Ligand SMILES: C[S@@+](CC[C@H](N)C(=O)[O-])C[C@H]1O[C@@H](n2cnc3c(N)ncnc32)[C@H](O)[C@@H]1O
């Protein structure tokens with residue numbers, strides 16, 4: 001049978017590019033349904049119909065050769081040509097299809113379905129629609145073509161002759177030219193072989209095995225990459241990060257490149273020379289992230305089926321079209337009895353979550369210390385009638401001093417020598433005493449002769465009445481009471497904690513699936529908290545009921561440096577808000593209808609600064625994460641994006657410190673520090 005295939009190859013090659021798919025000679029028909037193997041440029045061999053075939057016809061019940069996962073991985077099959085032919089099988093094993101099974105090419109609009117029968121160890125191929133004579137029979141390797149390891153080419157249907165529709169008659173007629181075809185085929189094959197030899201010679205490697213050729217291509221591609229030899233740490237998210245080593249799963253990430261660049265390092269080899277192995281020259285596709293086999297891709301696709309579709313995948317797009325039929329990710333399940341949902345968490349459980357503090361809070365903590373003071377220039381105003389002139393000077397004669405906003409300007413003290421009126425003018429660091437004296441004189445001759453002196457005043461306003469008493473004794477300050485914001489879970493109910501715990505377990509499960517599908521183990525879940533645990537305090541904006549989305553990091557599978565899990569999730573929420581029922585819900589309040597308004601977000605790893613900013617911009621309500629990212633995290637790292645005074649939204653970010661059940665070794669979620677999450 002392989003003889004038929006080879007013979008057909010040569011004939012196909014002879015036809016040349018102008019006639020890429022010469023209709024087959026009758027003797028090429030190798031099974032009762034008139035299927036035959038032909039060769040197309042850029043696709044290798046493919047299976048073609050010689051006659052019309054109705055939909056639902058079983059084309060082949062192909063037996064398979066099974067290899068266990070250990071045999072496949074241990075034998076490094078992915079590094080061989082077999083890597084392009086394996087079918088994913090049960091228990092992580094792989095199957096090599098016999099007969100035509102391995103020769104069906106890929107199409108995103110396949111005309112053949114295949115079903116694996118793991119009991120009988122066969123694969124059944126069935127036409128999914130009616131097929132005409134001369135049509136190529138294709139299966140779909142993956143709905144998301146960005147996950148293919150080659151750039152799919154368009155199938156070409158050969159021009160049909162007058163007796164179109166009568167495949168056998170046409171084949172009989174064409175058979176007349178067959179000997180010419182074969183002669184041409186031999187010549188073309190010889191020329192092509194010579195071209196291939198020359199190509200390999202100029203590349204400096206007279207290698208003959210498909211495996212070696214593939215490695216050479218990969219090496220030369222990496223050598224051509226500007227960042228290949230010196231990857232910039234932490235650059236994975238950058239546009240120039242075309243190669244970042246050390247991904248958790250060892251996958252090399254390539255930034256997307258234009259299609260035209262595909263294989264440009266090598267002159268194109270005629271397909272008749274490269275044969276099926278040579279066809280893997282398409283595996284130098286800019287979109288290929290690693291020499292991952294078809295089989296491995298299939299395995300990952302199967303895992304991925306449980307994950308939310310990548311943002312730009314075909315699945316995501318098709319979901320987008322079914323606007324009236326929006327599919328939501330599963331809700332979280334709480335393992336707390338209904339009547340205990342509002343029970344406060346016991347004190348010995350307060351440390352189950354821990355609030356990430358940004359620079360503001362760290363500063364506020366310092367402000368709690370009553371002995372914290374700052375030095376300011378003050379003047380002792382000898383005549384009370386002058387006080388209003390000095391105050392006018394502080395208002396109009398000096399720049400605004402942000403760091404003194406918490407101070408009252410005047411301090412009156414009565415002591416043995418009578419009443420003194422001190423006025424605070426400026427921070428010590430802002431102006432020299434000589435300049436201050438000159439400015440006072442210039443402002444008004446009445447202020448000539450006032451002598452500034454340094455005074456240590458409280459550093460911040462009073463938050464409590466006790467603080468106010470103590471600080472006022474030093475210098476009068478403003479009173480700006482603030483509800484103490486706990487650093488731990490005090491005030492949290494059993495229901496809310498159960499929800500947080502379920503959210504963290506959910507993202508861990510999704511992250512595991514993401515890793516198994518070849519992506520980074522990073523996942524996000526975003527939802528409105530259940531009504532039973534809505535906070536009671538004023539100012540709470542009721543969530544959009546039922547709105548929820550999940551996403552995982554897809555920068556590997558989508559070969560896109562910006563497909564971080566958080567960004568993917570924000571995009572999915574944005575999409576959901578545009579489709580019913582969410583598009584028909586009222587804006588939340590006061591027009592505050594930002595994307596994540598009132599929503600909580602769970603994420604496995606502390607997000608990077610970019611994602612933290614995106615969350616801030618989206619007005620997320622709160623974020624829970626498990627793994628802090630001290631170096632590059634947007635919260636606990638030095639940025640404190642979630643709680644800055646200079647940004648226009650603040651949200652709480654909590655690290656989950658509670659128990660983990662059935663999550664396995666946490667090392668599986670390790671992501672090297674060089675990655676921004
Ligand atoms: C299972 S094999 C299919 C048979 C293969 N064409 C052959 O000659 O042996 C998978 C390989 O076929 C090629 N292939 C399949 N579908 C293709 C398509 N639509 N466009 C280009 N190449 C394709 C790729 O090189 C891929 O690695």
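Just so it is clear, glycine is given a Cβ too, placed from its N, Cα and C backbone atoms.
These features come from TrEMBL:
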type	residues	note
COMPBIAS	1-19	compositional bias 'Low complexity'
DOMAIN	33-142	domain 'SET'
COMPBIAS	189-201	compositional bias 'Basic and acidic residues'
COMPBIAS	210-220	compositional bias 'Basic residues'
COMPBIAS	223-234	compositional bias 'Low complexity'
COMPBIAS	271-293	compositional bias 'Low complexity'
COMPBIAS	296-305	compositional bias 'Basic and acidic residues'
DOMAIN	511-654	domain 'CMP/dCMP-type deaminase'
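In terms of DSSP helix, strand and coil, the compositional bias 'Basic and acidic residues' (296-305) has 9 helix, 0 strand, 1 coil.
For the domain 'SET' (33-142), the model's average pLDDT works out to 87.
Assigned with DSSP, the residues of the domain 'SET' (33-142) fall into helix, strand and coil as follows: 19 helix, 49 strand, 42 coil.
The DSSP breakdown of the domain 'CMP/dCMP-type deaminase' (511-654) into helical (H, G, I), extended (E, B) and coil residues amounts to 36 helix, 29 strand, 79 coil.
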